[in-house]
Amino acid sequence: MTSLFGWIQDFLTSILSSLGLVGKQGTILLLGLDNAGKTTLLQRLRQPSYVPGIQPPTERPNLESFRVSGVNFVGWDLGGHEAVRHLWDDYAPEGNAILFLIDASDPRRFEESAEELDSLVNDGVVDANVPIAILLNKCDLETAAETDVVEKAIGYEELLMKYSENRIEIFRISVLRGDGYQEAFQWLSSFL
């Protein structure tokens, strides 16, 4: 009987959602190399008054719920250090959208970010219909590279050709200052 109730609830929710009468919802994966700002972003999304500090490396996936631009999200913060990146493949099918964070102030790691992003797109880990917002974080720092420099370093034009062109976009953000990521969420929300 419980499964029948669950099925009816899911059915009615889907009808109401398609009519725009129930809020949108989505599952987002926060990916990127270690020290890109994934955990800090997730904490800021969950609690806007969060004051960032030094974060230890993420050793296991963190799950948080939050609401941005009228959409209810569940966010998976997956570690970015090399030893745990294999988990990305396991969680990728669960995501309706991906936030791929790149530390714009660390050009030495742009190539490594490009390799990981390329692997997600080309190895079939991420479905071509899943939108990817590439967030260039730490743009508040003087050492942050300009967007065109990062685009060239990560092969953005090639990514657009390989992936669904309208499903991948770059945004300049500063998690520390709380700038820029709202636009990324508005863009992602249009796909949910």
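Using the three backbone atoms N, Cα and C, a Cβ is placed for every residue, glycine included.
Annotated features in TrEMBL:
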BINDING   32-40, GLY80, 137-140, 175-176  GTP binding site
BINDING   ASP34, THR39, THR58  Mg(2+) binding site
Close in space, distant in sequence - ASP34 (GTP binding site), Cβ under 8 Å, 6 or more apart: PRO57, THR58, GLY79, GLY80, HIS81
Under 8 Å by Cβ from ASN137 (GTP binding site), same chain, sequence gap 6 or more: ALA36, GLY37, LEU41, LEU101, ILE102, ASP103, ALA104, ILE173, SER174, VAL175
LYS38 (GTP binding site) - helix vs strand vs coil (DSSP): helix
Least surrounded among the binding-site residues, given as ALA36, CYS139, VAL175, when other CB atoms within 10 Å are counted: CYS139
Count of other CB atoms lying within 10 Å of the CB belonging to THR58 (Mg(2+) binding site): 18
Other same-chain residues whose Cβ falls within 8 Å of the Cβ centroid of ASP34, THR39, THR58, the recorded Mg(2+) site, in sequence order: ASN35, ALA36, LYS38, GLN55, PRO56, PRO57, ASP77, GLY79, GLY80, HIS81
